[in-house]
Amino acid sequence: MMQHKEIKHPYQGIKYTVLVVIAAFRVANALTTKTFFQPDEYWQSLEPAHRLAYGYGYLTWEWHEGLRSSLPPLVGAGIYKALQLLGLDDPRIVRIAPKIVMALFASAGDVYTWKLSARLQGPAEAPWALFVSLLSAFNWFFLTRTFSNSAEMVLTAVALNYWSFNGKEVNFKRLSVALFIGAISCVLRPTNAILWAVLGLHLVLTTTAKMRVLWLAVRNVALVFAATYYIDYLYYGEPVFPLLNFLKFNLLQSLAHFYGTSPTLYYFYEALPLLTVGWLPLTLWGLWINRSQVLVKAALAVVVAFSLIRHKEVRFIYPLVPILHMAAAEAITQTPKKLRKWLVWSLALVNILVAGYFSQVHQRGVVDVVEYLSTEPQVTSVGFLMPCHSTPYQSHLHRDIPVWFLTCEPPIGFTAEEQMTYRDQADQFYDDPLQFVQTQFPESVAVSAREARTPLFHPSHLAIFESLEKKSPEVIEHLVELGYKRGKTFFNSHFHDDWRREGDVVVYNL
């Protein structure tokens, strides 16, 4: 069980060779992941980092509004600068290097899930917690991607390992480390504060050293926030409070729903199965066994809190994964030995198959097309005539040439009435594709990017989804009249929840 009282045993020290194997496993994971999941993997970390290091790239509206911490792009820019100094900044290496660094960091998530299980559960459960973490389909698909949520999960796993769960036996040195790392995770994702608020309240209520715990919390959180404020000030060039701007955007202006809303119970019936995949039945059993433990209660509180927010995404509760994997490990040890081997490997196989498909097949065309455009000599300019942020950008293209895509900024500064009728640029295109291309582009392909009076121009290479060919053939006819020819195609997906992104990715070139 997830005991409040810590367990002392050999698993608290992990052999160096095991760490190397886990790190190598995650590097292989990162380098073999060929698909696209969500735009933030590129646009909120690698893209601003690329702009900072190389002087070109695109900053989305979040950066202009000061909603994001500068820590992720600063780390990325450091990687890119190192490549420059070593003379290794060719497109392929520029794409691979951040993956390797993220993979090494991600491996700490596996290690500290193991260590946390060893500390709170025991030597029987700890190896299974590591096993579940390594053979988790969602971990394989998501953990090594450059999302702030991935870093948030790793930092949460590390901080939990240092946390004091027994108020009667508080280790203040370890608690100080936990608070420091937990505060950094909140800088990356402010909503992670929900988890730490629940755990902190439990600790304060159960310890006799209340004032000392509170003082440690205030000191460490203030130290982290002061340091990151200074770093953000240097990055933005002016006083910026990303946390306050984040709260203003999501709570006061309530604009997050512009990017979609989900039913109240989404996290229970969809997100939890996505996070656990084949391990779901064991996870639910383990959570039930440990329903009285503070970590399980904290996880439930986080899910309930997120359920009250209209805009929901599975990655928002990703920091709970170590707790879910520990629950699955608990259930495995409770399974009769005669059934255990068959059950565990059957569920592991489900995870392996799901991980393979979604990391190798589903939505790979939008990544492949950018890698193709980055190396094709005849490419002098690029346009992405598809929903906004459908592909990586300069972090993968790595060519200082004119590039555009259809934008989708939210209605910031609009009245409630204006928000109801607001249509972003991508919406305007799909409302009437032919009219859009006839009115928003220069009349002739002879008009260069520099000469065009609008942000959109006729590029040498234009990427679209196959669905546009099928649903708006008149647009294709117009492109052909301008001199475009159908070129390379890239398989993207067998199915998609957005009709605009259905089918292959097709390149048209002059």
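Placed from the backbone N, Cα and C atoms, the Cβ positions cover glycine too.
Since this is a predicted model, take the numbers as computed values, not measurements.
Lifted from Swiss-Prot, the feature list:
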TRANSMEM  17-37  transmembrane segment
TRANSMEM  96-116  transmembrane segment
TRANSMEM  123-143  transmembrane segment
TRANSMEM  145-163  transmembrane segment
TRANSMEM  179-199  transmembrane segment
TRANSMEM  221-241  transmembrane segment
TRANSMEM  269-289  transmembrane segment
CARBOHYD  ASN290  N-linked glycosylation site
TRANSMEM  316-336  transmembrane segment
TRANSMEM  342-362  transmembrane segment
Intrachain neighbours beyond the transmembrane segment (179-199), with Cβ under 8 angstroms and 6 or more residues off its ends: 69, 71-72, 148-149, 151-152, 155-156, 158-159, 162-163, 216-217, 220-221, 223-225, 228, 242-243, 246-247, 294-295, 297-299, 301-302, 305-306, 316, 319-320
The transmembrane segment (342-362) vs the transmembrane segment (269-289): 3 or more CB pairs under 8 Å: yes
Among 96-116, 221-241, 269-289, stretch most in contact with the transmembrane segment (316-336) (C-beta, under 8 angstroms): 269-289
Cβ contacts the transmembrane segment (145-163)/the transmembrane segment (221-241), at least three under 8 Å, sequence gap 6 or more: no
Cβ pairs under 8 Å between the transmembrane segment (123-143) and the transmembrane segment (96-116), at least three: yes
Cβ atoms near the residue listed as 'N-linked glycosylation site' (within 10 Å, other residues, all chains): 23
Dominant neighbour of the transmembrane segment (96-116) in 17-37, 221-241, 269-289, by Cβ pairs under 8 Å: 17-37
